[in-house]
Amino acid sequence: MADQLTEEQIAEFKEAFSLFDKDGDGTITTKELGTVMRSLGQNPTEAELQDMINEVDADGNGTIDFPEFLTMMARKMKDTDSEEEIREAFRVFDKDGNGYISAAELRYVMTNLGEKLTDEXVDEMIREADIDGDGQVNYEEFVQMMTAK
């Protein structure tokens, strides 16, 4: 879901994430979330903060990492997703511009996003999106993956 964001949006969210991640350890805790929300004039309870974290905490470790944060932001923007945004996202992944996303290109972009993926995990992501079985993802397959509910 986060891969439907443009490079510019991802950069903006990285900045926002850094504002929350006070100690710079790559995760947002309930304490850090509370600090930022209070600085924005909100007054969430500890339980509310925990609920907000749990909502996006995919791996269940009690904190939000950047990929989880991106997923949350992407969800909020999902309704405004246009064909142009999807095409732009495809271009971000299709580094050599040949119309296909290879495993190497996917790995490169994911690594730049701070995702440390094994070759198996990258191959698995390609397989899931690769409808025609050619080992890479073309634009149509990418659109299918991005618009799948």
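Cβ coordinates come from backbone N, Cα and C, glycine included.
Model, not experiment: these values are computed from the prediction.
Positions annotated as Ca(2+) 1 binding site by Swiss-Prot, on the basis of sequence analysis: Asp21, Asp23, Asp25, Thr27, Glu32. Annotation comment: Swiss-Prot describes Asp57, Asp59, Asn61, Thr63, Glu68 as Ca(2+) 2 binding site. Taken from Swiss-Prot, the feature Ca(2+) 3 binding site applies to Asp94, Asp96, Asn98, Tyr100, Glu105, supported by sequence analysis. As annotated by Swiss-Prot, domain 'EF-hand 1' applies to 8-43. Look at Swiss-Prot and you will find 44-79 tagged as domain 'EF-hand 2'. The feature domain 'EF-hand 3' is assigned by Swiss-Prot to 81-116, with sequence analysis given as support. Annotation comment: Swiss-Prot describes 117-149 as domain 'EF-hand 4'. The N-acetylalanine annotation in Swiss-Prot covers Ala2 and rests on similarity to another entry. According to Swiss-Prot, the feature N6,N6,N6-trimethyllysine maps to Lys116, an assignment based on similarity to another entry.
Positions of the features from Swiss-Prot, shown on the structure.
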residue : record                : DSSP class
Asp21   : Ca(2+) 1 binding site : coil
Glu32   : Ca(2+) 1 binding site : helix
Asp59   : Ca(2+) 2 binding site : coil
Glu68   : Ca(2+) 2 binding site : helix
Asp96   : Ca(2+) 3 binding site : coil
Glu105  : Ca(2+) 3 binding site : helix
Practice problem: May I ask for the residues of the chain that lie six or more residues beyond the domain 'EF-hand 3' (81-116) and have a Cβ under 8 Å from a Cβ within it? | Solution: 2-7, 10, 26, 66-67, 70, 122-123, 125-126, 135-139, 142-143, 146-147
Quiz item: By CA distance, which of the binding-site residues (Asp25, Thr27, Asn98, Tyr100) lies nearest to Asp59 (Ca(2+) 2 binding site)?
Solution: Thr27
Quiz item: Under a three-state reduction of DSSP output, how is Thr27 (Ca(2+) 1 binding site) classified: helix, strand, or coil?
Solution: strand
Practice problem: List the same-chain residues at least 6 positions away in sequence whose Cβ sits under 8 Å from the Cβ of Asn98 (Ca(2+) 3 binding site), in sequence order, or say none. | Solution: none
Practice problem: From the recorded positions Asn61, Thr63, Glu68, Tyr100, Lys116, pick the residue whose C-alpha lies nearest to the C-alpha of Asp23 (Ca(2+) 1 binding site). | Solution: Thr63
Exercise. Sorry to bug you, but what's the C-alpha spacing from Thr27 (Ca(2+) 1 binding site) to Glu68 (Ca(2+) 2 binding site), rounded to the closest Å?
Key: 10
Quiz item: Around Asp25 (Ca(2+) 1 binding site), how many other CB atoms lie within 10 A of its CB?
Solution: 11
Quiz item: If you measure Thr63 (Ca(2+) 2 binding site) to Thr27 (Ca(2+) 1 binding site) at Cα, how many Å is it?
Solution: 6
